[in-house]
């Protein structure tokens with residue numbers, strides 16, 4: 001939902017190139033991670049990191065997973081609140097359907113959604129229990145893309161879309177800062193590496209080759225969905241594209257059945273977030289458990305500990321969602337720190353440190369170094385830009 005806003009900053013050409021490049025690099029890092037997880041017989045992301053770089057670095061990687069996943073879940077709640085209850089600039093779904101009422105209070109609406117829908121799904125203790133909800137969430141994301149892309153295409157054919165920016169705008173200090181933080185924001189889109197070892201271990205008739213096939217299909221699907229979302233969202237709303245593009249769908253789209261399509265897009269995507277929320281929460285809970293209760297039986301064997309952790313994490317995530325103003329603020333910090341570390345820095349370091357175990361080819365060695373250098377550069381530039389941006393505003 002933040003990707004169309006990055007197109008507004010980067011321009012369509014550079015934005016699409018970066019989505020494809022990040023997708024390819026992400027898939028390379030996933031395949032390297034699968035290879036070395038199998039060789040180390042690791043059941044979690046932290047275990048393979050410990051094999052390569054020792055326990056202190058494992059603890060650091062687990063802290064990154066906790067911060068990244070908690071940040072993403074906070075973003076999900078912010079989006080749900082913005083879309084259902086509205087914001088200072090946009091009307092919410094409930095406002096448009098029922099007028100003013102208690103549902104205008106974002107905190108109350110998000111709390112109800114968390115208690116009624118999210119808590120039961122998050123209490124499940126195995127990731128394969130979430131396979132149906134995960135599949136449904138992908139279908140709903142594709143529904144959003146199809147509707148948004150169709151509307152944008154119709155308006156483009158009718159000549160009712162303003163000329164989009166093709167290259168980044170670097171004409172002012174503010175524009176340069178937005179450009180520098182836009183790239184870290186995009187890194188959030190492909191970070192799934194912390195889920196690779198547990199998903200691999202639950203695959204039937206698992207093998208690295210089978211997992212790599214899963215990864216490649218997923219990467220292609222993500223690139224198509226992300227590129228389509230970015231292009232259609234930016235073409236539809238141009239310079240008015242919000243950090244969360246869903247909030248733009250409260251106005252007339254200029255085509256027949258506009259109001260119906262607006263409701264389908266927003267409600268469908270809220271359902272998507274509700275269904276994907278427990279998948280991210282699963283790895284968050286597993287990581288917190290590994291960090292705090294090392295040596296204890298698995299969570300699947302301790303229902304009381306599992307439910308207790310779930311309750312505490314959901315409360316903290318809810319509190320976080322009431323304190324952070326918008327998803328751009330959250331994503332620009334997680335993208336420059338935890339997301340880039342989990343997606344690119346740790347996997348490349350693992351492959352370089354354990355190259356003697358995995359018969360790393362010269363090409364893979366070069367790619368690992370390239371990925372490491374690019375990731376560290378993006379992280380440093382992103383952090384410095386974020387800090388400078390905050391100082392400028394203050």
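Including glycine, each Cβ sits where the backbone N, Cα and C put it.
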Inquiry  = According to TrEMBL, transmembrane segment applies to one of these ranges: 108-124, 159-175, 244-260. Which one is it?
reply    = 108-124
Ask   = Which of 59-79, 136-156, 176-196, 330-354 has the most Cβ pairs closer than 8 Å to the transmembrane segment (12-38)?
value = 176-196
